[in-house]
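Asks: Once you've had a glance at the structure underneath, I'll fire off some questions.
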Amino acid sequence: MGNRRDLGQPRAGLCLLLAALQLLPGTQADPVDVLKALGVQGGQAGVPEGPGFCPQRTPEGDRAFRIGQASTLGIPTWELFPEGHFPENFSLLITLRGQPANQSVLLSIYDERGARQLGLALGPALGLLGDPFRPLPQQVNLTDGRWHRVAVSIDGEMVTLVADCEAQPPVLGHGPRFISIAGLTVLGTQDLGEKTFEGDIQELLISPDPQAAFQACERYLPDCDNLAPAATVAPQGEPETPRPRRKGKGKGRKKGRGRKGKGRKKNKEIWTSSPPPDSAENQTSTDIPKTETPAPNLPPTPTPLVVTSTVTTGLNATILERSLDPDSGTELGTLETKAAREDEEGDDSTMGPDFRAAEYPSRTQFQIFPGAGEKGAKGEPAVIEKGQQFEGPPGAPGPQGVVGPSGPPGPPGFPGDPGPPGPAGLPGIPGIDGIRGPPGTVIMMPFQFAGGSFKGPPVSFQQAQAQAVLQQTQLSMKGPPGPVGLTGRPGPVGLPGHPGLKGEEGAEGPQGPRGLQGPHGPPGRVGKMGRPGADGARGLPGDTGPKGDRGFDGLPGLPGEKGQRGDFGHVGQPGPPGEDGERGAEGPPGPTGQAGEPGPRGLLGPRGSPGPTGRPGVTGIDGAPGAKGNVGPPGEPGPPGQQGNHGSQGLPGPQGLIGTPGEKGPPGNPGIPGLPGSDGPLGHPGHEGPTGEKGAQGPPGSAGPPGYPGPRGVKGTSGNRGLQGEKGEKGEDGFPGFKGDVGLKGDQGKPGAPGPRGEDGPEGPKGQAGQAGEEGPPGSAGEKGKLGVPGLPGYPGRPGPKGSIGFPGPLGPIGEKGKSGKTGQPGLEGERGPPGSRGERGQPGATGQPGPKGDVGQDGAPGIPGEKGLPGLQGPPGFPGPKGPPGHQGKDGRPGHPGQRGELGFQGQTGPPGPAGVLGPQGKTGEVGPLGERGPPGPPGPPGEQGLPGLEGREGAKGELGPPGPLGKEGPAGLRGFPGPKGGPGDPGPTGLKGDKGPPGPVGANGSPGERGPLGPAGGIGLPGQSGSEGPVGPAGKKGSRGERGPPGPTGKDGIPGPLGPLGPPGAAGPSGEEGDKGDVGAPGHKGSKGDKGDAGPPGQPGIRGPAGHPGPPGADGAQGRRGPPGLFGQKGDDGVRGFVGVIGPPGLQGLPGPPGEKGEVGDVGSMGPHGAPGPRGPQGPTGSEGTPGLPGGVGQPGAVGEKGERGDAGDPGPPGAPGIPGPKGDIGEKGDSGPSGAAGPPGKKGPPGEDGAKGSVGPTGLPGDLGPPGDPGVSGIDGSPGEKGDPGDVGGPGPPGASGEPGAPGPPGKRGPSGHMGREGREGEKGAKGEPGPDGPPGRTGPMGARGPPGRVGPEGLRGIPGPVGEPGLLGAPGQMGPPGPLGPSGLPGLKGDTGPKGEKGHIGLIGLIGPPGEAGEKGDQGLPGVQGPPGPKGDPGPPGPIGSLGHPGPPGVAGPLGQKGSKGSPGSMGPRGDTGPAGPPGPPGAPAELHGLRRRRRFVPVPLPVVEGGLEEVLASLTSLSLELEQLRRPPGTAERPGLVCHELHRNHPHLPDGEYWIDPNQGCARDSFRVFCNFTAGGETCLYPDKKFEIVKLASWSKEKPGGWYSTFRRGKKFSYVDADGSPVNVVQLNFLKLLSATARQNFTYSCQNAAAWLDEATGDYSHSARFLGTNGEELSFNQTTAATVSVPQDGCRLRKGQTKTLFEFSSSRAGFLPLWDVAATDFGQTNQKFGFELGPVCFSS
């Protein structure tokens, strides 16, 4: 389960894959030369060669090979071990010189899964890599740039290192380990996180003898004064090839104008292909020497997989001259090229002092070895981890000091040794994986298959044949030039050079003592902007600046503490009807009402469920004999027929026993290429082939149907530059690029403009105190800054010093209404004053509390189209496409030689239109079109909202009292105000006295339901009243006139805030007051409660289009829209910035069928095929003649109860019924529950004054109350000067209530008084008795729609109403906000080919890839030979009845049938005419003597012609055809909405030729109305696939900071359990899903887990699965790494195991029984930290039977 590839702890070392080579010839103790097996020593791998460990060793000196990052060599391990196993105990023998570096890997052995089994890492610590190995102790650094001889002995559990002929202490290992040879052996490593060994290597041997490591310096790696060891044995009996000598004394000719090399004389020579002196071909000749080694029966030498950088010149290298040096007599040769390259400037023969170019006469490429080559490409930047320190660039030179005194002359020094190499630079970060390459070329192996009785070829011939085909196809396998890779890593540090000539004069002596201070130097250049200094001390307060702009509104303060309860106020007047309260508890069911009038007839209801089986009906009377029936069904099969003709050839029989091997036959001719075989196992990386030549352009083919999107193709070649396209939309910002290497220092640039201030860096070390600078000139005053954004509320500051007295402030607003004062002395009764004039309109009240949620407003007109939304996320992987059909068999042709590259052909003519394609997926919704022309001016809009109130006006001068105006008429009722906020529950009123029983009032007309008031506190239980008799229905009374105004009551408590009044006009600006002192910072208030949503305002006119807003937060996933029509081809956009290569995506599901292949050439005439199936159904025949009416049928059985009909439309209201008779008096009911509080009653009579309470303590500051409504104008007062606050006066005695005074003249508005103290909470009043029922109130307003009642009984069917008229289009709405990114749309049409992108950089070597998808269809082959006639196919499905055939020839007369039954006696015919008298007969025979018998009546056969039927037979056949077609669709449904299938597997079994697509199924086989549409994957055998809901298809990456790790996603605030939909986006019925699971045997589903710095399955840092995710199936079972179920999970890609960056992990679930899938929930465990995120993509679930 999952990806078990365990790489162990990440080490900074490279694995040494020890290709344990078993040697065919030789003994078991002979070591295996790995370098020779890899082709390094033979020169096939193209690895540079140079001097080795002992260059002076006789006879020819040691030679070594330079390997590095670009020399990743590999070979299949099984080729190294033909006997089939790796030695259990062995030794590693190595001679190398490594470059100074960190840990690096020299050799690695991988198994068939790509996991490393064994490796050797070199560096400061040498170690064997792999599960059972550990680092080995060593006393010497093996990567210090010097030659070392290293040997490692692995003997059982003991591992011993021998470094430079000195054995180190052994290390106890983990025991022997089995090493598989089914993988790959690589010189270096294939892991991108590790570094490949860089340096020179001379020997790399593997000996099956563990003691060989202790004899390394004597037998295999001797000292320089000893001879070289004997040649080792290569694997598989590879013949020994004499190593080419690299030494000579001749001088190469100088043919080009290249620069002359600077190497030593003995290293200037160019190696030639001359044989050794003792060779048989050591003679003067102009022929190229060849070395032929006979290998009659040996298999071919394994060719190593080489990945090198080669330079192909395209020129044939030929030896033109060979001569003998007269001095030494040795053979000398030079290489020249036929092409004239003298004029090329860069033809340089200087490649370095020790490594040269190896030139091969038979190959057209030069392999350039490292040396003093050209400057390499720019490497990728190194990533500086936190905590690392690097030396910065050198600073500017300091001032020149005074010349010190000359020191004494030192003794002459010895020539110094070469210095140690400098430290290596940090390795660059690994590059991003390159684009996945195209599928490789398929080689057709022409094996002959045994057929009939012919003898098959032997195995050796097949191998020879395969080898010949491989050689012939190598020329044609050259692929096109691949894309240029990414820039490589920085090149390795070169090898230290040989000791140079005598050095120049030595360096200066030590620095002398510090001289005197020199004179001031010239002023320096303006330095770079320094870091911002630390904040200085707080300056003195400046002068008062100009008054700034009005700041932003501050943040709302926290609510204050709760105040004490106020005194109980008097009962106020009944308020307006409140808003609808919450729905109360459901009351008891009322008494059953009388049956209403029957409603109108409803529509036909839905079909009901089948009723119970009825009783058997009465046996009917036998009916009259029926008419002659139709033709009956075919009879039973007859007896066996006669012997038939000879049949066709049968199927091949079972395979017989294997015969004895025959004698080897002569080689046959090349056979016909066979059919393509099945996909083989994963191959190893092949050689990088040379670039092939481009073929000629073929003729244009016919346009095929539009195919489904294929995999991402290789970047195309550069096309002709098109016309200038329109400017495209701005692309998204790309990823930040890596920092490049430091370039060469440029010239001094001009001083740039000062840049923006950078971010504060870390505080640096304190510098030395500098000299005091000169005082600069005072700067000019800066401009006034713009208004800043209000900052967050700061911490309370310390109280500042008291400021000076400010200017008088502006007049403050009217203060809040003060607390109720104590009862004053009774005033004198004043005279009734004249009615005052109408007061000025009051100031607008403060904004009330948010009212209850209003009704939904009308839909606004469609807004201006918003900007184009961001593109949606990538959809989940699609289903894997089906395997294409096999192509036509081609003719047997021999591959020709590759032709010359043809010129670019002309563009072909447009081909004929192709056949109609398969219905493609619906395209994406097209982009919003351009803004249309300006329309006509719209209708006048609604009046705008009232403007903001103006500034407060100054207090006007007191006007004279005007004359009393006439009494105005009673104005009309005002408009209904906005509903006020919900009032609190009222205090219980005083206990009232029980009233007398009132007379029964008249019954008023039914009023509209009133608005439901708020739920008040429960009242006291009243005395039970007597039930009154029910009075007759009386008419509604008229509204009474307004009563006289009563005497003013006592001052009440602050009332409930009234409804919000209309906004008043803006007042005049008030005078500016003095600026007051700054108050102390108040305590933060509590957070206020959230108000309800207000009513929607009327739609305003659309405003002008504003600027594009910032992208909003991701919205909730919307409902899946209908697929729109495919959009038009967009115009070509500008070239985008080249993005980084993404990570390898998860393998997609099976794709849809590909397009049909090209039409093949006409084949040869085939043999006669079998008889075809019956033809298609013919056209309908002419209508037959009308038949005679049949006899009435017998009484049928009662039919089944029909299904329940659909609910009919509501009928028209019936006429009102007659008033009912008053019902009898009911029984006394049980005591009911306490009813809801009634509306507030009228104010009671004033009670006696209560006793004065004690003075309460000052309460805490209460919450700021809402501004009350404007009060009535008060009496005119005299403006008094505000006096000081007096001491509280003594409480006076209660005075008698004064007489009601008349309202005085309106006085000027008084000033706001100080706030009074909070009073103490009053005592709770006594509970009053229940009052008498008041008179019926006026009918209330129509209330809102009540809650949905229980479903009523099904009424009779009503008449369908007339469709209403189409409504008028609404007004244009305001422009909508930019919507969230839409769901993933269907694949659009392919865009135009883009311009050639920038040249990419060379990428790193990738891992061994997975098996690629099937390649594209190859070129059209030649016509093949006619194939062998195949066996007869299975019997086809019966086709529909064919057309009526023409009248056939009359058949032979049939056999006389049996005697029929005697017919009924016919009616006597009429008397015929008398016939003529016949002739006299001959005399009869003599009679018998016995008694006479009656003569028998003989029948005679008289042929009577049958009547001809005209047209009737065709009508009968048409009816039979229609019936048979319907029966066939019932038996084998086609998967339509009317005839849904059971599951997709059944559809595939009944219709095997159906293409993949969406079909209707009905798993529970009930009514077809609950069928649903699914995707059927017939390519996979008929899988039924359901899609997940759009909400779970892509859950974006999020930190989920408020969620708990390990919890199910359904418990998250935004989460819920997974759900699945059909192809139309509708949820799948649970019952149907259960039936689908019952009908399925297996199920599979993909789940992609997106992560950021988090693990999803394996945690590679700890090596365990403690952070693995858990999954919940629909059967309630849980699946994780520790909990297994019937379902299995595999993890083919686990990118989250490293817990670094953003990546993905792909889970593939499969279940042998479909109970676990689909998935219901997921629980992530690794999140919660600040840099961790996770999301997921839920794939479709597919069931198969």
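A Cβ is built for glycine as well, from the same backbone N, Cα and C atoms used for every other residue.
The compositional bias 'Pro residues' feature in Swiss-Prot is assigned to 406-424, 1213-1222, 1429-1443. Per Swiss-Prot, compositional bias 'Low complexity' is recorded for 426-439, 489-499, 597-619, 765-792, 967-979, 1116-1126, 1141-1152, 1234-1243, 1405-1416, 1458-1479. Positions annotated as disulfide bond by Swiss-Prot: Cys1585-Cys1742, Cys1651-Cys1696. Residues annotated as domain 'Laminin G-like' in Swiss-Prot: 62-224. Positions annotated as domain 'Collagen-like 1' by Swiss-Prot: 391-440. Swiss-Prot lists 482-538 with the feature domain 'Collagen-like 2'. What Swiss-Prot records for 824-877 is domain 'Collagen-like 3'. As annotated by Swiss-Prot, domain 'Collagen-like 4' applies to 905-950. Here Swiss-Prot flags 951-989 as domain 'Collagen-like 5'. The domain 'Collagen-like 6' annotation in Swiss-Prot covers 1430-1488. Positions annotated as domain 'Fibrillar collagen NC1' by Swiss-Prot: 1514-1744. What Swiss-Prot records for Ser349 is O-linked glycosylation site, and it gives experimental evidence as the kind of evidence. If you look up Swiss-Prot, you'll see 211-391 marked as region 'Nonhelical region'. The region 'Disordered' annotation in Swiss-Prot covers 230-304, 322-362, 387-439, 476-1492. According to Swiss-Prot, the feature region 'Triple-helical region' maps to 392-1489.
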Asks: Taking the Cβ of Cys1585 (disulfide bond) as the centre, count every other Cβ atom within 10 Å, in any protein chain shown.
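Replies: A count of 24.
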Asks: What average pLDDT is reported by the model for the domain 'Collagen-like 3' (824-877)?
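Replies: That region's mean pLDDT is 62.
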Asks: Reported as an integer number of Å, what is the Cα distance between Cys1742 (disulfide bond) and Cys1651 (disulfide bond)?
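Replies: Here the two Cα atoms lie 26 Å apart.
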Asks: With every protein chain in view, how many other Cβ atoms are within 10 Å of the Cβ of Cys1696 (disulfide bond)?
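Replies: For Cys1696 (disulfide bond), the count of other Cβ atoms within 10 Å is 29.
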Asks: Determine, to the nearest whole angstrom, how far the Cα atom of Cys1651 (disulfide bond) is from the Cα atom of Cys1585 (disulfide bond).
Replies: 27
Asks: State the Cα to Cα distance, in Å, between Cys1585 (disulfide bond) and Cys1696 (disulfide bond), rounded to an integer.
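Replies: Counting only the Cα atoms, the answer is 28 Å.
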Asks: Cys1742 (disulfide bond) has how many other Cβ neighbours within 10 Å of its own Cβ?
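Replies: Other Cβ atoms found within 10 Å: 27.
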Asks: Including all protein chains shown, what's the count of other C-beta atoms within 10 A of the C-beta of Cys1651 (disulfide bond)?
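Replies: A 10 Å sphere around the Cβ of Cys1651 (disulfide bond) contains 28 other Cβ atoms.
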